């Protein structure tokens, strides 16, 4: 099933869209706004660094609970193998989390936001790869995009740009690996609580050996329930609550690590010599390669650093990782290795066996709390990534709650939290031990690593325009490491490794279905837009009444007037005194300033008082409640009328003077066809280039118009929404019928409706039913 719609060019559609709609371009123009993670004083940075300890590092910080036992599931055959595995763990920590993520990947932020969808949107601003057809050549005019057109000397970037834009396979491929990465992050967020809590609770068997495996599982379940219950309080509150606990945890494991090094074997520091990795593989061959699936668990949660970038900033994460996380975890692993060199038979429960006796209960208590917190990184990251996917039309409508007034990008999604919590509990009850969960966990981790490496390589080529030697070095080094790890983990596919693939398959099918129908529906509306002259003729009919109040008709279409308007007037032959065709458009940037939220166009003659409007949001912006939205809309509309009517644009004699863009809403100019608009460079004049003479509208008339808007707003605002029933065409293949008529319809019926997402009161809502046959 193709993601991109292949349909013939309709002559009527071409005529309707013969000119470049200047509202589209103006809807992309916003002022330069720095990302929320790009600035801040040192006090704020240190606060964020402290918070990040509790949110980001719980996962990787608790990996010493199960890393050695997963690496040596059959016991230690040679004491020198411990030295080799320790060296492997240390250099995995240095290469992947530290060098790749902390010092390279974090800088590929999308105005402060991170994650696979942030990389995808960053690439989409430099190359037209998005499948939704509302992307235009004017995207590059948005100052917040921070685009510099490739110069002639940078032929490599220009060549890649052309290849990505001209290749349907490349567009679908990039979209596919992006949603695969998102699915794996979701899987990571589901598996992390299960393995972390189970491994921590299992430690109690050291003091209460009579506990059975079943009893440990049922002790873990209420802990998991508590973890997912506190997510609704948001990253801000959860971070400040969790950070002190994780800080104590890091102090404990670092101190215990130093103690074990001093007591058992201080020469364990030899592991910093990477030759011990080669010696380990030389002694063990295939068994060493298989053990990589356990060693990779030392970096679980690393992707959370990047996915949670929108919750914090680069500097805060760098400070907390290099100053707290890495020293503490490295000392812990070295201490455990020193202990195992003396007592290799205890590898199945290394962490708790290596504790000094007086420290067991304090450490066990903090370990339980830390295991609960360990899930926070991937949960926060999953919420952040899905909020981006939602705004880009790649995920079904769900309610996104912004949980902090002080730190942008901190979000919570109730439905997703519930489903992830339920899945985590089911996995815990079903698998019961950390061994098979660890196999599934490792596949999620390394798959996301690999996807990030490939997307980052495109960013380096297309956006950063780095030296080709640096790009090749980055790609070859990190992709080689990740493929070696992935090949090892895939050998355990039957022993639990299948789980993340099943999870990802279901989630990807859901996302592909939603996005596919979303694109098809958009094209249907684009092919059936209503010409302005038809709207004008309709309003001049005697049976169409103008009624008091303000009407706002919502549509996803930004290129014109949607077909649902004709349906509305046919059924209810009346139009409000002031009528707006409203489109909510999410730009592929995190934030749009509120003062630049709205862009307007006059529809037809001024006396009709009909407007098209685009409300622009970044993918991390929340939509205002209906009352605030209406008030802000009215103020901006009055400013538009004042601006448009105070001055007329100075134009050549052969051009129309009623439209600020030089073309009235009912007039057409020769241009590219509708099907090629989104992939061709079309230049248009700016919207508000006001120079010239005083308009025929007097200042008194302008004031009267503004007073009329205030009066009609007081009479009431009615929100109109098209309730489109999308069905497959009569000659559609069976797969398309199943996807559109059953899967999509089920999702649409059972997930949040549009008016709930937009917080529209029911007593102000009027739905208009219409069927789209695609």
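From the backbone N, Cα and C atoms, a Cβ is placed for every residue, glycine too.
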Pick from 162-186, 187-211, 437-461, 537-561: which stretch is listed in TrEMBL under transmembrane segment?
437-461
If TrEMBL is the reference, give me the range from 115-134, 135-154, 215-234, 575-594 marked as transmembrane segment.
215-234
Select from 39-70, 359-390, 615-646 the stretch of residues annotated by TrEMBL as transmembrane segment.
359-390
Local confidence of the domain 'K+ potassium transporter C-terminal' (548-774) - pLDDT mean:
72
